[in-house]
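Lifted from TrEMBL, the feature list:
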- 12-32: transmembrane segment (TRANSMEM)
- 38-58: transmembrane segment (TRANSMEM)
- 70-91: transmembrane segment (TRANSMEM)
- 97-115: transmembrane segment (TRANSMEM)
- 149-264: domain 'Palmitoyltransferase DHHC' (DOMAIN)
- 181-200: transmembrane segment (TRANSMEM)
Amino acid sequence: MLAWSKSIGRCTVSFISVLLTQLALFLVPLFFSASPILIQLTLSALVLVVVLGFGGWCKRLLGFNASAPAFVFCSIFFIWGVYIAIVRQAISPVMDVVLNVEMIMLIIGLFRIMLKDPGFVVCESFSLDELNENSVLGVQIHNESSLLQMRARYCKSCQTYVQGFDHHCPAFGNCIGQKNYVLFMVLLVGFITAEISYILCSSQFASKFRVLEENRVESGSILVMARSTLLFCVLQVLWQGPFLIWHVYCICFNIRTEEWVNWKKYPEFQLNASSLSGENYQETSFKNPHNKGILQNVKEFLTLK
């Protein structure tokens, strides 16, 4: 019962955070409609930072923070609701079908990646207390080499080892590892595609109904809502785009984010070179033993099991 009440509380905080975010974003085009789009985007980004601070305040006050997956779900449903209630009337039937299908696929993909095993490693020879980020289960040699072959890395959030571990994704509430990396990339592309589709639809709606803004107050409010949600989607694309490019790079060179950031923790990524001056020290540089060439790396990614 305590766990359920905490989960409900976290989801409630997420729902309130989404409403506050969209309300604050609504004020940006309402009062700064004449400002350049760059100024509006900057103000919108500051709004999102304030919402993050609100989440930290809730954690200190209530003892728990908002649920990131619940925030993602509520944001999707909010944008989808605005589209159906406002933007849809100005969109062609074909584009309407495309965007609705994209939203449905996003929701299905979110459920799948949240529930899918990323590749958790079960180590029967060790208790949970013995598993930590600095150990590679080095008590028995065959266990250590098995973990290295599987590229199993320790996740602080899940407190366990994950095969092919890339990172822990708070937005999806799960680790990204060998068994769900392909799904993660598909979902990331799906988010960007759906957001770009909504940006195009919202822009089309604004251009078609701009004349109503001068004649009716309620029409002006509708247009402001369309613009504020457009700003929200643009901000998402601005950070998700580079994030996608980074992961495409990682796939092409067969490297994981965890391995790239913390390569000095893993001996297989260290290349030791002796000093040329004869001094007693060795210089450690990075090497990637898993890089088999771009084509082979991409093929290996596509056939991950």
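Note: Cβ is positioned from N, Cα and C throughout, glycine not excepted.
Note that the coordinates shown come from a computational prediction; the quantities given were computed from them, not determined experimentally.
Each residue in the domain 'Palmitoyltransferase DHHC' (149-264) gets a DSSP state, and the totals come to 79 helix, 14 strand, 23 coil. Sequence-distant contacts of the transmembrane segment (181-200), counting only residues of its own chain at least 6 positions beyond either end whose CB sits under 8 Å from a CB of the stretch, comprise 79, 83, 87, 95, 98-99, 102-103, 105-106, 109-110, 112-113, 116, 118, 164, 166, 169, 172, 229-230, 233-234, 236-237, 240-241, 243-244, 247, 251, 301-302, 304.
The predicted model assigns the domain 'Palmitoyltransferase DHHC' (149-264) a mean pLDDT of 88.
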